[in-house]
């Protein structure tokens, strides 16, 4: 007859407080490190193209291999996180990514650069565990607001690496830019000790004492009281099994989530790389008006496929403006996913993304192109916000990290293809590349609308 409570009940009763602010700042900052490592390729691509005399496909291969490493390690680290803990895998991933990122700055050749960046991608794939830890500690009513707000950290990382590139690249070079970009990840390694392992994970492994100690610590920091009674929840003997993701209960959801993740990543990194390509090669309106050649620049180098087109101040300025777009729709996105639900919100933003890809075909001024890129970055960012939240909420604790890992892995398939569309096909057929991006977004919009489970207001499943 003694009272008992679950982790879910304890999290809801303790509520939001100082612990969650610390959690938000530390785990959210993983987005700064991740954004700097991922966005790094876009700002160093013109420099490595020039230094090693690379063809278009070789530049595209760099980004593809980063996401190949991400894809392979994402599944492995998700599986390990469900079995051995989110916190341990998060720490391991940061150590791995920081180590190989520093090694990249000493790469003696193109082959070594590609290999080392692939290793960095593998480490960055584990950063998703920070989102899972946040999700598993947040009360239900706050998840729909605070998780999208984490996009601020990704935005900060993106702006930071672009700002640093505008100063560092022309002066001391891209190798020092990579070394500086690894600093946030190293700092985060030192502050992870302030964040405990997920109480939901500890309970799922039968370590009730550790889960109870964590909940008591949170309650003390928040100035709240613990629920009365004993923490009771049956341990889950089977955790992190791939076949649980394709169980009839979740099969349709899993398949549609994979399609959406793949399409969102394809569109997101397509926008980023297409922006860089537009600025580097001045492809805007190229189909409408032939470029006027400068008769004074008729050197052998100008006819070379490896001719250098380095970013100037105006290009960095445009990249900064378009990147700020990633936060522009955040308030509206938060309102939408909490009022309309995750599925309908994602359907709407994916449909709008498809529309703006088509609008980019219109031959307009550079200011108009910047505005279109701004809106595209806002929309693709909103897409990622929503699918991250939905995926973290729809799966039970025993397969949540694996569900995020496999989704992240499929996501990188889209990211691996995007460079060849944005950096190779776009040079051959500007309209064809943009129409392909738009078509994929329409497929994702339909898939989002028909998802079988809505997670708005639903407690996390055990």
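A Cβ is built for glycine as well, from the same backbone N, Cα and C atoms used for every other residue.
Where the annotation comes from TrEMBL, it is an automatic prediction and has not been curated.
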Of 215-234, 235-254, 255-274, the range TrEMBL labels transmembrane segment: 255-274
Interface present between the transmembrane segment (21-45) and the transmembrane segment (174-195) (three or more C-beta pairs under 8 A): yes
Any contact, the transmembrane segment (57-80) to the transmembrane segment (428-451), with at least 3 Cβ pairs under 8 A: no
Distal contacts, the transmembrane segment (255-274) - CB-CB under 8 A, six or more residues away: 39, 42, 63, 67, 346, 350, 353, 357, 373, 376-377, 380-381, 383-384, 387, 390-391, 394, 403, 406-408, 410-415, 417-419, 421-423, 426, 433, 437, 440-441, 443-444, 447-448, 450-452
